[in-house]
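First comes the structure, then the notes that go with it.
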Amino acid sequence: MTGQPYLDLPRARQARGQVALPGSKSISNRVLLLAALAAGRTDISGLLDSDDTRVMLAALRQLGVELAEAGEGRVTVGGAGRFPVKQADLFLGNAGTAFRPLTAALALMGGQYRLSGVPRMHERPIGDLVDALRQWGARIDYLGQAGYPPLAVGEGRIRADAPARVQGAVSSQFLTALLLAAPVLAQGSDRPVVIEVAGELISKPYIEITLNLMARYGVQVRRDGWRTFTIEPGAAYRSPGAIAVEGDASSASYFLALGAIGGGPVRVTGVGADSIQGDVAFARTLADMGVQIDYGPDWIEARGVRVDQGGRLKAFDTDFNLIPDAAMTAAALALYADGPCRLRNIGSWRVKETDRIHAMHTELAKLGAEVESGPDWLRITPPADGGWRDAHIGTWDDHRMAMCFSLAAFGPAAVRILDPGCVSKTFPDYFDVYAGLVSGAPDSYDD
């Protein structure tokens with residue numbers, strides 16, 4: 001679908017079936033970096049095949065890491081604890097899950113590196129991470145606007161004499177980057193490596209993923225609430241031998257949403273009650289909206305209303321600080337609520353692949369919703385009866401915008417998704433999987 005200018009979505013009426021989820025983006029790129037930094041060989045299964053993971057794989061190859069891809073999400077990584085190549089020019093696209101952690105790891109190892117990305121990556125802030133790394137003696141220079149990529153990383157005087165203090169309110173990826181890289185510093189230190197969080201930490205479930213995976217690779221992090229994180233001197237990553245990547249819980253949200261408005265049942269496999277991903281909590285949000293949710297150890301199932309027959313979801317007023325990615329799916333579902341819906345504490349949307357608050361406001365309004373927004377909130381009043389409007393939905397080069405607005409096909413309007421190929425960032429065949437679950441009246445938009 002890459003390069004296809006638009007996709008016209010047939011009117012959808014019902015959704016049912018089962019989906020085996022692609023691997024988690026958050027877990028995939030963390031596991032790749034951990035395997036590269038660990039002593040020993042790691043056999044990875046279930047790795048996500050997407051733009052973001054390809055960016056990480058390409059960067060690790062440039063840095064001299066031994067990689068063998070066997071297809072179907074299987075990759076073997078030969079880790080050596082440090083990157084063999086000490087000088088490289090890395091292009092990291094718009095992959096924050098690659099750019100931030102690699103910046104931290106390279107800064108603590110030392111060498112001569114240049115890190116850059118697409119124009120949007122150069123608009124995404126990184127100053128809080130750079131400031132924290134400089135407290136450990138890292139040498140990092142901005143090659144453009146201060147506080148933003150591209151970056152030049154040089155040889156610093158690395159030491160753990162004092163804690164690194166990082167702001168927690170902009171992106172949890174800054175803390176994740178520091179945590180993942182901290183054992184590089186701890187290996188040669190005679191004192192603990194300490195990270196302190198200033199302000200409110202957002203997206204805590206993503207930090208839980210990081211800590212869980214670090215433990216799988218032999219490094220235990222001691223934490224005092226969400227304020228202080230300590231890695232003991234001499235800590236070093238060791239390969240677990242083999243590791244399986246869970247299905248992507250953020251991607252699960254779109255299919256569970258289909259079950260919520262298309263009757264269902266829709267079951268996703270690869271995540272469930274035992275998942276380490278915070279976005280599984282989206283299922284509880286659906287339950288609050290009146291959707292029947294059932295769980296197994298590695299599956300979740302949704303049975304909801306038929307909006308094409310007049311069914312409506314319960315309106316919500318929810319703090320989405322912990323699950324900002326899945327919150328986008330909730331915003332799209334607000335089109336089918338029985339009253340105004342409010343999404344709170346979503347300020348991190350402003351610095352994602354696009355300004356998601358502005359983008360979501362713009363595109364929901366095209367469909368006839370009444371939308372208000374602020375620095376960290378959205379208020380959405382569903383289109384009135386007869387108030388839906390045909391729309392060409394801009395995706396803003398944001399994979400999640402494209403996937404969320406596939407849900408608009410259940411409304412009484414013609415929906416065209418522009419640049420549908422942007423889903424390749426995390427889910428290249430999303431629209432094929434979507435089509436396998438949805439049934440309706442193709443090419444007809446009359447009630």
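Start at 1 and count along the chain as shown; that gives each residue its number.
Quick reminder: no glycine exception, Cβ is built from N, Cα and C everywhere.
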Hey, Swiss-Prot has phosphoenolpyruvate bound by LYS25, GLY96, ARG124, GLN173, ARG356, ARG400. Any idea which of LYS204, LYS314, LYS425 it lists too?
LYS425
What's the CA to CA span in angstrom from LYS425 (phosphoenolpyruvate binding site) over to SER203 (3-phosphoshikimate binding site)?
21
Select one residue from ARG124, ARG356, LYS425: among these binding-site residues, choose the one with the most other Cβ atoms within 10 Å of its Cβ.
ARG356
By Cα-Cα distance, the member of recorded positions ARG124, ASP325, ARG356, ARG400 nearest SER203 (3-phosphoshikimate binding site):
ASP325
Per DSSP, to which secondary structure element type does SER203 (3-phosphoshikimate binding site) belong, with helix, strand and coil as the options?
coil
Which value in Å gives the longest Cα to Cα span across the 3-phosphoshikimate site residues LYS25, SER26, ARG30, SER171, SER172, GLN173, SER203, ASP325, LYS352 as recorded?
18
Write out the long-range same-chain contacts of ARG400 (phosphoenolpyruvate binding site), meaning residues 6 or more apart in sequence whose Cβ is under 8 Å from its Cβ.
SER250, ASP325, MET328, GLU353, ARG356
